Structure formats: C-alpha cells, structure tokens
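Colleague: Following this message is one structure expressed as structure tokens.
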Amino acid sequence: MYNSTRKGSDVLISSLLYFLAHLQLYLIPVIETLGGWIYIAIFVLIFMETGLVVFAFLPGESLVFFASTLAAVTGSSLDIKILIPVFFFAALIGDTVNYEIGRNLHKLPFFKKLLSEDKLTKAQAYFDKHGGKTVMFGRFVPLIRTFIPLISGSARMNYKRFCFYNLLGVLLWVFLGSSLGYFFGQFDFVQNNFSIILVTFGLISVVPGLIISCYRFMKKRTAV
C-alpha cells in the first residue's frame, strides 16, 4: 500500500515537472483554441491589475513580457502587432479608471475619516512637486503602480498632467516589455527554457512587493 502510494506520488511529481518544463507546448494549443478571445482575456487581466487595487497582485508585467515572447515562438498564433495596442489601451484605460476612483474616494464616509485634510494637503504638495516622475516611473514597480493612479486622484493631481505622464509611462512600459519579450522569444535558448525563465521572471517581479511588505512589518515591530 505504501509503495503504491509512493509510486503514485512520484508519477504525479514527474508529470508536474514535465508540464512545467514544457509549458509552451501546452499554452500554444490553448491559445489556438481561444482564438481572438485570448486578446480580450489579456486586456481584461491588465486592466484589472492597473485599474482595480484589489487585483494589484496580478502579474501584468510578466504577462506583457511572456505574451510577447510567445508571439515570437514558432507555431504560436499570437500576433505582436495586435498585442501591443491591447497592452497599451488596457493599461491606459485601467490607470484612468483608477485615477477617477481616487478622485471620488472622499465621498465615501470611511475614506472621509481616513483621508484628513492635513494628509490630503501633504499628498497634494507632493504630487504638485514630484507627481510627474512618480506616475511615469512608478509604473515599473509591481504592486506600487496600481496604487499610484489611485493616490494621484485622491491628491487631486492635475488631470491633464496625470494623463501626460501616465501616457509616457505606459508607452515606455509597453515598448520595453513587448520588445524585450519578442526579441528574446526568437532565441532557441529561450524557447527551450521558456518555463524556467517564466518562473524566474515571475518571482523577480514580486520581489519589490515583498521588500515593501517586509519593510513595513519591521517598521511596525520597531515602533512597538
């Protein structure tokens, strides 16, 4: 009984490892089956990550990079010329929605108490001085990029100024993510080690969030 159970678990682990090692072989047929719906799914995921703070954990950066990588893989039906505008408009619309949510937070009783006039004044002063570069470069930091449009709206950052720097940030983010992904996807090494690179990149993308969480935790412990 023990040997059969152990044998079954070994087979399960071996199957899982094989699946992870050859992930692209399974992804391409799924993409083929979904057809045009895959672009809608990608749009929705990126929009949710950038537009709704409760979905800040979604791997938008990894999705842009690896969808572009898959577009370069032989046998994939993903078209980089369609992916790029999908990435761009999903992120841009998501950030704009997030900004508008931030602008209207003060209308909710809970946030009225949370966002005192003093805090709002300080936030407004910060965004008047550093808002442009914060919006533009904050897009490259996972988790943080989801909260910046919300805070920008709450701090009443000038809408045209927000749109200008957000447009620059989104353009740069999409250009770098998609071009790097598509470029590396053409190499045999990347195609043969797609799964390992995917997992590694995914882990790296959550490091900033973990560092921030650890910093806050240590700060609270020190304050006690």
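Glycine is treated like the rest: Cβ placed from N, Cα and C.
Quick paste of what TrEMBL says about this protein:
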- 68-182: domain 'VTT' (DOMAIN)
- 12-31: transmembrane segment (TRANSMEM)
- 37-58: transmembrane segment (TRANSMEM)
- 70-93: transmembrane segment (TRANSMEM)
- 136-155: transmembrane segment (TRANSMEM)
- 162-184: transmembrane segment (TRANSMEM)
- 196-218: transmembrane segment (TRANSMEM)
Colleague: Using a Cβ distance cut-off of under 8 Å, indicate which of 37-58, 70-93, 136-155 has the most pairs with the transmembrane segment (162-184).
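Modeller: That would be 70-93.
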Colleague: Tally of helix, strand and coil residues over the domain 'VTT' (68-182) according to DSSP?
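Modeller: Breakdown, helix to coil: 95 helix, 0 strand, 20 coil.
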Colleague: Sequence-remote contacts (6 or more beyond its ends) of the transmembrane segment (37-58), Cβ cut-off under 8 Å?
Modeller: 31, 64, 67, 78, 82-83, 86-87, 89-91, 93-98, 143, 145-147, 149-150
